[in-house]
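What follows is one structure encoded as structure tokens, with my remarks underneath.
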């Protein structure tokens, strides 16, 4: 186990059109035994960062330390790490047993018997004893995944690095492996860096998540922190499914309101005091919007916006209702029993407490929702990302 | 272009093989098309390969010699007599034939080792990222692209005992005191191995290079993390991953060398020194200089059977289900 410190890490690639910055001045400290998930869209630099930590890429600037040892210029084999690759990278000409034993054979002085014993113990833990004599070709995707994990675990490394290890599995197996991986990591208590583009994996698995975009760190925090207190509009939009709704508004501070051509929403004085830019983006999560067809009986009629339903998506437990507000689309997650259907004119209620505000130019957050973030439970989100 | 292809397909579809081949009518449209495309190649193979093989086999059972050189079909059938003669180590022709088979094996195995080592080394070098590797690749292909007779003649000149540049260089840098006889005496077979390997290694190189390119980079990354160094990566990843290509290379180089006529003939001539008398040269000399076509044919058949048996044993034991495992 190790504490991993990434200090001003920069990675540039040379290309014919000039250099491409894949990771831009990244700073991060990962605690001993912590499970950290790097998440972001394709090309955000998350895999590159991981590969720098692994030693598979040389860094352009900055340093990487394991505990107090600077490993920036060390070769992968000197770093005592184990890695799980997206397509497993099992050695096709070796059996599962040989695949798992290879690292021990290369990097330790253990005798054949000792190696065998460790391989068998790990295989038992992973439930793959029966597969040890099979070659990767003979294994299913899920089984290959287990062998690849076993190969990493048997090494008993200081740090686990996982590069989208579940992306090649089908949705059901992915959900199952997600839980198993968490349990494993809990048991082994090894510092783990996990890369994914899937926000569901990030939300459910990590002790902390690291959101990256364009090679730059957007936010580091617990899943709920990032979900309910996003540092900026990017994080807010990236986490959550369906994603947060954004509506462009203008601040009318004299009247204490946010205006859009279609609606006016009052803001409290405390919020108004935070606003220093006239152009804002209002953010509201789909599950925080309430729909009503009887505005006259609503407790906060001044916070209602008239809309038209364009599409409804029944998911079973919940229904996603898509609304149109002057050309801008808003998604609302409602009870599965909702009677809304396309063409209905409904009023949506935007609770002041759940509303987010972002600076339209910088994207920085001005106001967050008041959802509690110290709970260990994860917000209920329907997750079409699972099948993506 | 597309319409030409369509026309071609339509014309081809009109060809009615069904009249001649009863099984043909049971084939699907696609299979028929495949057979039609194969037909010209198969016809050429028949004329160039299969017919001579049958003809040669036929002659090996007949007493074709100078008397019947003009009218081979009038020669008497002698059964297995030719075979008994050439396979009997007690006779002059038999003992020389067995010796030539031995030299053939040395020629084949020696060339295989040299071409494989040279080819693999070159392929590994080309597979590195360095400036000018495309130029290097082209240069390395030259020995194979150049007309083989020209290459061989140049080597023959370089290997001359008195005037050859190789002895000259070796003498001038003090590695040898006396000029070496490369092309006569016992050295001839090794000179032959080296020269033949020179003309063949670029092909091996290109095949292995293609094999190297097919090895996923991630395997090396996984091995790096597992703690493997350069040599271990070669030993445990590269070499096993090249097994399917290597298997083909070994088979081809062995067979091609065993039946290679050009290299021994151009380098050593029709009357080679004893050590350079590989099977194919001996058969040629025996059959065409002595007009012993029957026995010559028998020897050819023996050589053919030896080569085929080796290929089949090899195929059976090395091309088993492991053969495709490097593909993924």
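Count begins at 1; order follows the chain as displayed.
A Cβ is built for glycine as well, from the same backbone N, Cα and C atoms used for every other residue.
Annotations in TrEMBL come from automatic prediction, not curation.
In TrEMBL, the annotation transmembrane segment applies to B:138-159, one of the ranges B:138-159, B:270-291. Between the stretches B:85-104, B:165-184, TrEMBL puts its transmembrane segment entry on B:165-184.
The stretches the transmembrane segment (B:191-212) and the transmembrane segment (B:138-159) are in mutual contact, each linked to the other by at least three Cβ pairs under 8 Å (pairs 6 or more apart in sequence). Counting C-beta pairs under 8 angstroms (sequence separation of 6 or more), the transmembrane segment (B:105-126) fails to reach the transmembrane segment (B:165-184), with fewer than 3 such pairs.
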